[in-house]
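*Asks:* Copied straight from TrEMBL:
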BINDING   Q8, P9, S10, G16, N17, G143, Q144, D145, V182, K189, M190, S191, K192, S193  ATP binding site
MOTIF     9-17  motif ''HIGH' region'
BINDING   D131  L-tryptophan binding site
MOTIF     189-193  motif ''KMSKS' region'
Amino acid sequence: MRVLSGIQPSGPLHLGNYFGAIRQYLELQRENEVFYFVANYHALTSVRNAQTLRAYTDDVVVTLLSLGIDPDLVTLFVQSDVPETTELAWLLTTVTPMGWLEKCVSYKDKVQQGLPAEHGLFAYPVLQAADILLYDADLVPVGQDQKQHLEITRDIAERFNNTYGDTFKLPEPYILPHVAVVPGIDGRKMSKSYGNTIDLFDDPKQITKKCKRLVTDSRPPEEPGDPAKLDEFPLFQFFRLFAEPDEWEDVKARYLAGGLGYGTVKARLAELIIDRFAEARQRRAELLAQPDRVAAVKAAGAERARASARIVLDRARAACGVG
């Protein structure tokens, strides 16, 4: 199966990105033909500084490699290194009704969050459709709340096919198993826009500091804990993700019985997070010291991606009469 997915370089990747997608990416690369890309064209809707965008883009590439994405197994590339993407996006734009874009929940949400209501944000689903259709993807990993993103891609592909004849493969959603909706340190969904993230490569002092800020209540340590808080508090949600089952059961039992303070759990959680990404942090340091190696990975990925993209773009150009 050919699998495709992308990540926006809108800032350092955080624990929400890891448990929501990257952990599954590592599994998918073992048994599939995989294309992963850094969606820097999409990031232009929110990042308006050239130096910052370049830095964020390279940081995502380095982060993925550090975490175990294998460039020998995966076609890893940067979106803007494949110019075929924007040409296909224009071809798709010509068959996409305005009403489809107006109904997109993500556009409304982002405008409500303060992003300007500009065409790039409005037409985001068309560029996203080009990203997917350009590589004849069979499967696109999505969470349960992201299925609409793929549905509009399929709608656009079907409309093009109905207009010009069979041109595009219709991708299927791959609902990611074991996806964790990771809370931020304030209890809301972890998001860069909320400023409530624990970044994957925060230094140990930052991780410890952020763990101390995890929202709890004023329960004295000696009092028995409230069972409802085990699912409600970010502290316990994180601990469940990072600890071995036996340790989690022990912490849960001690909390419910009384005698376990939040500070003790926060300190142990910080240790678990630091330990989980220690090897990746070392690999990251090595990659940052070898920029030519990272550049070579990007170049090789772009070459492979363009070879595949050209086939589909030529097919689409011929179908609609511009090639």
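All residue numbers here begin at 1 and follow the chain in the order shown.
Positions of Cβ are set from backbone N, Cα and C atoms, glycine also.
Help me picture these features in the structure, burial and contacts included.
*Replies:* V182 (ATP binding site): 21 other CB atoms within 10 A of its CB, across all protein chains.
Broken down by DSSP into helix, strand and coil, the motif ''HIGH' region' (9-17) contains 3 helix, 1 strand, 5 coil.
The Cβ of D131 (L-tryptophan binding site) has L4, G6, F37, A39, Q79, T85 as same-chain neighbours under 8 Å, each 6 or more residues away in sequence. Annotation note: D131 (L-tryptophan binding site) sits in a helical segment as assigned by DSSP.
Under DSSP, the residues of the motif ''KMSKS' region' (189-193) split into helix, strand and coil as follows: 2 helix, 1 strand, 2 coil.
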*Asks:* According to DSSP, does V182 (ATP binding site) fall in a helix, a strand, or coil?
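*Replies:* Going by the DSSP assignment, V182 (ATP binding site) belongs to neither helix nor strand, so it counts as coil.
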*Asks:* Within 10 angstroms of the C-beta of S10 (ATP binding site), what count of other C-beta atoms is obtained when all protein chains are considered?
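*Replies:* Total other Cβ atoms inside 10 Å, all chains included: 19.
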*Asks:* Residues of the same chain, at least six outside the motif ''KMSKS' region' (189-193), with any C-beta under 8 angstroms of its C-beta?
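*Replies:* For the motif ''KMSKS' region' (189-193), the far contacts come to 10-11, 14-16, 113, 181-183.
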*Asks:* Could you list the residues of the same chain, at least six apart in sequence, whose Cβ is under 8 A from the Cβ of K192 (ATP binding site)?
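*Replies:* Those within reach of K192 (ATP binding site), by Cβ under 8 Å and sequence separation of 6 or more, are S10, G11, H14.
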